[in-house]
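Novice: Structure in structure tokens, see below.
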Amino acid sequence: MTHNQELTRRWEGALMDNYGTPRLPLVRGEGARLWDADGKEYLDFVGGIAVNALGHAHPAVVEAVSKQIASLGHVSNLFMAEPPIALAERLLQLFGREGRVFFCNSGAEANEGAFKIGRLTGRTHMVATQGGFHGRTMGALALTGQPGKQEPFLPLPGDVTHVPYGDVEALRAAVTEDTALVIIEPIQGENGVVVPPVGYLKAAREITRATGTLLVLDEVQTGIGRTGHWFEYQAHEGVDPDIVTLAKGLGGGLPLGATVAFGETAELLKPGHHGTTFGGNPVACAAGLAVLETIAADGLLENVKRAGEKLREGIESLGHPLIGHVRGAGLLLGIVLSEPLAPKVQQAAQDAGLLVNAPAPNVVRLMPPLNLGDDEVDAFLRALPGVLDDAYGDGRSGE
Ligand code: PMP
């Protein structure tokens, strides 16, 4: 039995298969490289689903976490510590607005925080988007617009209307003076990297402002530099959300989520309303600070734009019959295939030492580290045609 097989056997005996996890036991990472238990090397273009903003084992994160755990691990919510204060201040500075932050441990939890703040307005109706993804806990799942994920768990909390994503008129028709919040991803990640029409977020801001409704932007996947901006909404004019939710890349590999509320909205949550033991723990916050400092110091927003453009152009210029087009922004890209072979591409890529993911049957999603180098883009572009040929050939022979 190989080491991979041995770990897979143990995994299957001990862990719930809640994600249908691909059977690939990984043991080590460095930058955009990963190694499995048998020693095979992979180029990581999944990045823990946009989690590994700086790649694996980045020295700044390793150092920040090591120093913090060696001095003050966690004090729970009974006392204060410095790292969450510093991280909240830094985030607010990047938003360029007055506000307050609630720290938690995941994207779903960040959206639960937004859900609760929504309820504290005294209104109960909420509007979310079809195909949208906000997490798997019950409140976040109620906002998620994917009926298949909701169905086994009905009834879900709340009075939620799901409108077609990107449709301004549908949004206008759904939002009333009884609507507590509208929640939108600036780009729908889990739905296959779906980009809304220009002006959608601005229109959402105008519609919600007119009814006194909170605008919540879920930047769990798009935030922290992923699209070449600190937060994707900052790429658009006239969008100033009431709440932004963050997670994934924020912790650079450690569990860290944040519900950031601005202006008066930041005052709604009062003592006793909400909390979580590990929220704002100094170790995760120290990692978060290291991530933000490194993105700024190393000019990674520029790198994301540059590497993202090179990657997009490189893929499109391959002219492969399986490639329709590439959509997304920065280093959150979806290769839209001409046939629904994305799962086959994912497997063929893994066999060839490339890790990608297939959020939809016809979309291959790429989320490499923000510090991706030219040599890594080139290695990906060299390997991709063979991977597509394999998947295409398999797909055809299976018909
Ligand atoms: N919101 C968005 C936009 C996401 O992409 C995800 C995770 N894919 C979540 C929320 C949930 O995050 P978590 O898995 O950390 O709960």
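Every residue gets a Cβ built from N, Cα and C, even glycine.
Okay, so TrEMBL annotates it like this:
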type	residues	note
BINDING	Gly107, Ala108, Phe133, Asp218, Glu219, Val220, Gln221, Thr277	pyridoxal 5'-phosphate binding site
BINDING	Arg136, Thr276	N(2)-acetyl-L-ornithine binding site
MOD_RES	Lys248	N6-(pyridoxal phosphate)lysine
Novice: Could you say which of the binding-site residues Gln221, Thr277 has its Cβ with the most other Cβ atoms inside 10 Å?
Specialist: Gln221
Novice: Kindly point out which of the binding-site residues Phe133, Glu219, Val220, Gln221 have a C-beta less than 6 Å from some atom of ligand 1.
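Specialist: Near ligand 1, sequence order: Phe133, Val220, Gln221.
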Novice: Select the closest residue to Gln221 (pyridoxal 5'-phosphate binding site) from the following recorded positions, measuring between CA atoms: Arg136, Lys248, Thr276.
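Specialist: The smallest Cα gap between Gln221 (pyridoxal 5'-phosphate binding site) and any of the recorded positions is with Lys248.
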Novice: Do me a favour and check the Cα-Cα span between Thr277 (pyridoxal 5'-phosphate binding site) and the residue listed as 'N6-(pyridoxal phosphate)lysine'; whole Å is fine.
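Specialist: Rounded to the nearest whole number, the Cα-Cα distance is 19 Å.
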Novice: Taking just the CA atoms, what is the gap between Arg136 (N(2)-acetyl-L-ornithine binding site) and Lys248 (N6-(pyridoxal phosphate)lysine) in Å?
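Specialist: Computed Cα spacing between Arg136 (N(2)-acetyl-L-ornithine binding site) and Lys248 (N6-(pyridoxal phosphate)lysine) is 15 Å.
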Novice: Through the lens of DSSP with three states only, how would you label Ala108 (pyridoxal 5'-phosphate binding site)?
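Specialist: Looking at the DSSP assignment, Ala108 (pyridoxal 5'-phosphate binding site) belongs to a helix.
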Novice: When neighbour density is defined as the number of other C-beta atoms within 10 angstroms of a residue's C-beta, which of the recorded positions Gly107, Ala108, Phe133, Lys248, Thr276 has the lowest density?
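Specialist: Fewest other Cβ atoms within 10 Å, among the recorded positions Gly107, Ala108, Phe133, Lys248, Thr276, is found for Thr276.
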Novice: So if I measure Cβ to Cβ from Asp218 (pyridoxal 5'-phosphate binding site) and keep only same-chain residues at least 6 apart in sequence, which ones fall under 8 Å?
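Specialist: Looking at Cβ-Cβ distances below 8 Å from Asp218 (pyridoxal 5'-phosphate binding site), excluding near sequence neighbours, one finds Gly107, Asn111, Gly132, His134, Ile183, Ile184, Glu185, Thr245.
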Novice: What does DSSP assign Asp218 (pyridoxal 5'-phosphate binding site), in three states?
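Specialist: It is in a strand.
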Novice: Could you say whether, by DSSP, the residue listed as 'N6-(pyridoxal phosphate)lysine' belongs to a helix, a strand or a coil region?
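Specialist: Assignment for the residue listed as 'N6-(pyridoxal phosphate)lysine' reads helix.
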Novice: Over all pairs within Gly107, Ala108, Phe133, Asp218, Glu219, Val220, Gln221, Thr277, the annotated pyridoxal 5'-phosphate binders, what is the largest Cα to Cα distance, rounded to whole Å?
Specialist: 25
Novice: So, in DSSP terms, is Thr276 (N(2)-acetyl-L-ornithine binding site) helix, strand, or coil?
Specialist: coil
Novice: Name the secondary structure element type, per DSSP in three states, that contains Arg136 (N(2)-acetyl-L-ornithine binding site).
Specialist: coil
Novice: How far is it from Lys248 (N6-(pyridoxal phosphate)lysine) to Glu219 (pyridoxal 5'-phosphate binding site), counting Cα to Cα, in Å?
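Specialist: A Cα-Cα distance of 9 Å.
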Novice: Between the Cα atoms of Ala108 (pyridoxal 5'-phosphate binding site) and Thr276 (N(2)-acetyl-L-ornithine binding site), what distance do you get, rounded to the nearest Å?
Specialist: 13
